[in-house]
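Heads up, the thing below is written out as structure tokens.
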Amino acid sequence: MARMNRPAPVEVTYKNMRFLITHNPTNATLNKFIEELKKYGVTTIVRVCEATYDTTLVEKEGIHVLDWPFDDGAPPSNQIVDDWLSLVKIKFREEPGCCIAVHCVAGLGRAPVLVALALIEGGMKYEDAVQFIRQKRRGAFNSKQLLYLEKYRPKMRLRFKDSNGHRNNCCIQ
């Protein structure tokens, strides 16, 4: 079987959020994958595709793996969106400067969708979030995912008001 050329992992940073969008490793490429995660200070991986590797080595390195698979080319379920936004809010509040890695098979569809949702919830417009991610991850998103993101209405879960009732420009307080 021919080896697929996979895009390099890309870091997406917005306000106080840091994400690493990447493709899935295999057991054969796991050590290199772990090195890459450590280089970016990743403490949590969200795996949104079927498992292609054993998580034992990753967990031994202190990196928590969450399995939230959803169908390739499709938008995430409401439950996955809720879980994702809760994770983002908690991680960046409790571990400032940390990085959350997200991967699907190629890192072009499902993983970028979750990162785009976090950017939108953080105050970025849908079009800007798509362009911002595509500048770093060419080919990200298919037409069904773009339509989902266009219709997505932020719940303002990653924006807060200060004690005076003013919107705080900081994403998470």
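Each residue, glycine too, has its Cβ placed from N, Cα and C.
The recorded disulfide partner of C104, taken from Swiss-Prot and restricted to C49, C98, C170, is C49. In terms of DSSP secondary structure, the region 'Interaction with ATF5' (97-132) contains 19 helix, 5 strand, 12 coil. Sequence-distant neighbours of the region 'Interaction with ATF5' (97-132) (same chain, 6+ residues past either end, Cβ-Cβ under 8 Å): 4, 6-7, 9, 11-12, 14-15, 17-24, 37, 40-49, 52, 70, 72-73, 75-76, 80-81, 84-85, 87-88, 91, 139-142, 145-146, 148-150, 152, 154-159, 171. C104 (active site, phosphocysteine intermediate) counts 24 other C-beta atoms within 10 Å of its own C-beta, drawing on all protein chains shown. Per-residue confidence over the region 'Interaction with ATF5' (97-132) averages out at a pLDDT of 84. For C49 (disulfide bond), the Cβ neighbour count at a 10 Å cut-off comes to 21, with all displayed protein chains included.
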